[in-house]
Amino acid sequence: MTLEARNISHAVSDFILLGFSCRWEIQIFLFSTFFVTYILTLLGNLAIMCAVRWDHRLHTPMYILLANFSFLEICYVNSDVPNMLANLLSKNKTISFARCLLQLYFFFSLGTTECLFLSIMAYDRFLAICRPLHYPTVMTTKFCSSLIIFCWVYGFIWFLIPVIRITQLPFCGPNVIDDFLCDLSPLLALASACVPIPGTVLICGTMSSLLIFATFFYIIGSYTLVLRAVMEVPSAAGQKKALSTCSSHLTVVFLFYGSVMMTYVSPGSGQAESMQKFTTLFYSVLTPLFNPMIYSLRNKEMKDALKKVLGGS
């Protein structure tokens, strides 16, 4: 990129996040709804973390992964919801260029980490059900910890290049983002209004698609093998327990990936703003709320542990 383009990129010092453009009364209603959702999300995921921490029966790889996944969900909602709540009550909808890019980086990095976590949770279930004799020797505490560290480190490395490319784009004047967070597609649209940016769009689209489809098909392949193995279990009770665990994981996978694919497979493709807001809202705000309910309602051990935690509280 030329020096001129680099200088132009500093023409925009802040962005305007329109969020949900509606009457003040409706914004107050939305604030109340999202605030309650935010608090319930924090409490639900925190309850799962405490249950795994305090119940020694849950000190197994599956539940350790689930506790770390709940911690990830807490981080994920904190990357966008507090700013969205503040915007709903504020007349000033601006966010600085640096804060906007920082939010983009953390939002995408945590989303990447979630894709990787869902993949290793599928791998854990594959080992436990399809290779039960090898499971204790393969999925040790040390190996499980290594997988968790890999997810966090790789998750925050994967989108470094796209974010660095976006920081160098020539934002020459238009600075209104019709969204409630600094998302990829609106930023690419603003930059493309100044100069053509096919290279950056290609890199962002390729890396998004590669991550989403690679992890999704790995998860689906793993659970296909798991379901085949479950069908061969002679015990009806054993089948029911395995299917209950797997169905919880698959429900979370389809909720998350369904909305993510609609948003990020073709960034900058001109998707309707209202649809993009809804899909982004679904996987970034609602899915973290649903996860604790999905994992606890269909899991007897988790329900028992949560009853002890809540009863003790």
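Numbers here mean position along the shown chain, with the first residue as 1.
Each residue, glycine too, has its Cβ placed from N, Cα and C.
Noted in TrEMBL for the protein shown:
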DOMAIN    44-295  domain 'G-protein coupled receptors family 1 profile'
TRANSMEM  28-54  transmembrane segment
TRANSMEM  100-123  transmembrane segment
TRANSMEM  143-164  transmembrane segment
TRANSMEM  184-203  transmembrane segment
TRANSMEM  209-230  transmembrane segment
TRANSMEM  242-260  transmembrane segment
TRANSMEM  280-297  transmembrane segment
For the transmembrane segment (28-54), give me same-chain residues lying six or more residues beyond its boundaries with a C-beta closer than 8 angstroms to one of its C-beta atoms, as numbers and ranges.
20, 22, 63-64, 66-67, 70-71, 73-74, 77, 81-82, 84-85, 88-89, 285-286, 288-289, 291-293, 295-296, 302, 305-306, 308-310
If contact means at least 3 Cβ pairs within less than 8 Å, sequence distance 6 or more, would you call the transmembrane segment (209-230) and the transmembrane segment (100-123) in contact?
yes
Which bits of the chain, at least 6 residues beyond where the transmembrane segment (280-297) starts or stops, bring a Cβ under 8 A of a Cβ in it?
34, 37-38, 40-41, 44-45, 47-48, 66, 69-70, 73-74, 76-77, 80-81, 107, 111, 179-181, 183, 248, 251-252, 255-256, 259-260, 263, 303, 306
Mean pLDDT over the domain 'G-protein coupled receptors family 1 profile' (44-295): what is the value?
87
Excluding the flanking five residues on each side, which residues at least 6 beyond the ends of the transmembrane segment (100-123) place their CB within less than 8 Å of a CB in that stretch?
14-15, 62, 65-66, 68-69, 72-73, 75-76, 79-80, 83, 147-148, 150-152, 154-156, 158-160, 162-163, 166-167, 181-184, 187, 211-212, 215-216, 218-219, 222-223, 249, 252-253, 256, 260, 284
Can you tell me which parts of the same chain pack against the transmembrane segment (143-164), counting only residues 6+ beyond its ends and a CB-CB cutoff under 8 A?
61, 64-65, 68, 101, 104-105, 108-110, 112-117, 120, 123-124, 184, 200, 203-204, 207, 211
